[in-house]
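These come from Swiss-Prot:
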| type | residues | note |
| --- | --- | --- |
| SITE | R11 | site 'Important for substrate specificity' |
| ACT_SITE | D69 | active site, proton acceptor |
| SITE | T70 | site 'Important for substrate specificity' |
| SITE | Q152 | site 'Important for substrate specificity' |
Amino acid sequence: MTLVLASASPRRRALLAVLGIPFVVDPAAIDEPLPERHSHPERIARALARHKATVVAARRPGDWVLAADTVVVFRGRLLGKPESAEEAHAMLRLLRGRWHRVITAVALARGRRRWVDHTTTWVLMRQYSDEDITASIARGEPFDKAGGYAIQDPDLRPVESWRGCYCNVVGLSIWLTWRLLQQAGFPVSTPDERTLPPVCQQCPLAPAEVTSRTANRE
């Protein structure tokens, strides 16, 4: 029984590894055009994640294929991965000091079966400077990330606070993925808390057994 991650993202690989499940990587490699402004962002993320999983499942019959898609939404506008320095600069200026939503959908495919779920995290950006933005662009940070930033970036430190799942903003909610695998009947156990990042132990999506043990230790 093989679990396949349909993503080339090193961040998603690292997050999935936290669950302690052996997996292989087989990226879907599809075009991801952003729909019109009035499209429903949750539906977009779910449809793209499902499509990625379906593409890879078609060439891997019998395997379990996991895919994800992340969209960043600011006042109804979907922000993709910037394609130029100018676009990255404009995105980061737009988000600076403001709240926005990050939606990540996770899809699992095996044969003709599909399981899809998503979660939303609200993110408040800090008041970084124009010089901070320029330095981030010079390092090449924005160009492979929806919205042009990484919440975990130690240099830009773009985020002041968030509400919801932290790993969802990184690109794959660990607990949403864990729950989806369980619902589909894939054999997965609760991760060893010693290997869980602190943000995952305190995540609002974490199972009660994890959050209660964390609270007791405190």
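Cβ atoms here come from the backbone N, Cα and C positions, even for glycine.
Taking R11, D69, T70 as the recorded positions under consideration, the smallest Cα distance to Q152 (site 'Important for substrate specificity') is found for R11.
R11 (site 'Important for substrate specificity') sits 13 Å from the residue listed as 'active site, proton acceptor', counting Cα to Cα.
Looking only at other Cβ atoms within 10 Å, the busiest spot among the recorded sites T70, Q152 turns out to be T70.
Taken residue by residue with DSSP, the residue listed as 'active site, proton acceptor' is part of a strand.
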